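Q: Attaching a single structure in structure tokens format; questions to follow.
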Amino acid sequence: MSIVPVSLGDRSYDVAIEAGSLDGAARHLAPWLKRGRAIIITDSNVAHHQLPRLEASLDGLERHVITLPAGESTKSWAQLEALTDRLLALEVERGDHIIALGGGVIGDLVGFAAAILKRGCGFIQIPTTLLAQVDSSVGGKTAINTRAGKNLIGAFHQPSFVLIDPSVLDTLPRRELGAGYAEVVKYGLIGDFGFFEWCEANAARLLAGDAEARVHAIATSVAAKAAIVGDDERETSGRRALLNLGHTFGHALEAETGFSDRLLHGEGVAAGMALAFRYSARRGLCASQDAERVAAHLRAVALPDGLAAAGIAASGETLVAHMLHDKKMAAGTLAFILARAIGNSFVDKSVELADVAAFLNAETRSS
Ligand SMILES: NC(=O)c1ccc[n+]([C@@H]2O[C@H](COP(=O)([O-])OP(=O)(O)OC[C@H]3O[C@@H](n4cnc5c(N)ncnc54)[C@H](O)[C@@H]3O)[C@@H](O)[C@H]2O)c1
Ligand SMILES: O=C(O)C(=O)C[C@@H](O)[C@H](O)[C@H](O)COP(=O)(O)O
Ligand SMILES: [Zn+2]
């Protein structure tokens, strides 16, 4: 089993990674299930494919399973209200730990419910998508979406433990695997050119389910995220904002598609990263060959490399209007994550939104 520590003082925790660990979950979770019961929140797909493994492992404990609808629309006020009502009815106490078994949707919603239930109870992440294993289960960003945009209501609330079993990815649909891969390659693009090269060479193996490639991608991603989060837990120094590469564009595309299955989060991030690199090249910050290399890799793994591939026909002005709700907005200026090269991203606070709109309009015209 490989263990990646997330070092945050009294909020520190471990991320444990091992194929098959879901079947031995009881042993790993025992320190947090002191009252002899497990409250598991999951979604309908995960309940079908992976919940039986967790339940079998917890045989002998009192178990309560709350199954929510699958999909992004579950990150909503309505589902949050229904979930917190159920948790209150189960008399969850502050010292209890509830279990999020699912992808980023379940993890973000359950984490937020845990943050506000009785002003905060504990929670454990058992991520079941590639995206959740490499990104959303680590770092304590929890949230729901609102009509105004993505993740606009939420809290920083760290889990107490993260248990990653790469074998659960065997039942994940290929499209979801690809969406999660976007957040994997993001770590290479942010600050690790060597890992980007590894991605170019091994993406096909990873997406085909190779066990060794999975563990390498997950452990490298989690270690990269843990280092950034340990340094800038609440995105105040600017370092954590790097994890938002592709997200200012991507969240606008997600908003434009109504947070629906038309464009998955990771697909929006992929298109957004290609746009961030091309915009960097347009501004003379990075070589256009780097932007083309990024786009070529995304196309090679069947991820969208821009607006047209993401199915977006909206004007630049419309997309920029979505960006005005971005949480990186400060005193009327929106920080963008741009790149000097592959593996060398940075936060740019000098971007003019009118220029971004013009760039996006040019992108649409040239596609
Ligand atoms: N908190 C963070 O730091 C962070 C980071 C990245 C993304 N996110 C958020 O995560 C969300 C996206 O997460 P996601 O891509 O995991 O989506 P998701 O949770 O909707 O899961 C994707 C789909 O896969 C199904 N599924 C999950 N595990 C499965 C399995 N093992 N086998 C079969 N089906 C399975 C789900 O039911 C769902 O239909 C977005 O809301 C995004 O904003 C948060
Ligand atoms: O952990 C972070 O920090 C990230 O930015 C990771 C992102 O992949 C993730 O999608 C996150 O939820 C986006 O955060 P937001 O602050 O832009 O809503
Ligand atoms: Zn993301």
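Quick reminder: no glycine exception, Cβ is built from N, Cα and C everywhere.
Because TrEMBL annotations are produced automatically, they should be read as predictions rather than curated entries.
Annotated NAD(+) binding site per TrEMBL: Gly104, Val105, Ile106, Gly107, Asp108, Thr128, Thr129, Lys141, Lys150, in sequence order. TrEMBL lists Glu183, His247, His265 with the feature Zn(2+) binding site. Marked as domain '3-dehydroquinate synthase N-terminal' by TrEMBL: 66-177. The annotation domain '3-dehydroquinate synthase C-terminal' is assigned in TrEMBL to 180-329.
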Q: What does DSSP call Asp108 (NAD(+) binding site) in the simple three-state scheme?
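A: DSSP call for Asp108 (NAD(+) binding site): helix.
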Q: Measuring Cα to Cα, tell me the gap between Thr129 (NAD(+) binding site) and His247 (Zn(2+) binding site) in whole angstrom.
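A: Counting only the Cα atoms, the answer is 19 Å.
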Q: Fewest other CB within 10 angstroms, which one of the binding-site residues Asp108, Glu183?
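A: If we count Cβ atoms within 10 Å for the binding-site residues Asp108, Glu183, the smallest count is at Asp108.
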Q: Check the DSSP secondary structure of Thr129 (NAD(+) binding site), expressed as helix, strand or coil.
A: coil
Q: Can you grab the distance from His247 (Zn(2+) binding site) over to Gly104 (NAD(+) binding site)? Cα atoms, rounded to a whole Å.
A: 15
Q: Could you give the Cα-Cα distance between His265 (Zn(2+) binding site) and Asp108 (NAD(+) binding site), in whole Å?
A: 13
Q: Return the members of Ile106, Asp108, His247 (the binding-site residues) with CB less than 6 angstroms from at least one atom of ligand 2, or none.
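A: Only His247 meet the Cβ criterion.
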Q: In sequence order, which same-chain residues at least six apart have a C-beta under 8 angstroms from Ile106 (NAD(+) binding site)?
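A: For Ile106 (NAD(+) binding site), the qualifying residues are Ile41, Thr42, Asp43, Val46, Leu68, Thr74, Ala100.
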Q: Across the whole of the domain '3-dehydroquinate synthase N-terminal' (66-177), what does the mean pLDDT come to? Round it, please.
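A: Average per-residue pLDDT within the domain '3-dehydroquinate synthase N-terminal' (66-177): 97.
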Q: Which residue counts does DSSP give the domain '3-dehydroquinate synthase C-terminal' (180-329) for helix, strand and coil?
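A: Helix/strand/coil tally for the domain '3-dehydroquinate synthase C-terminal' (180-329): 102 helix, 1 strand, 47 coil.
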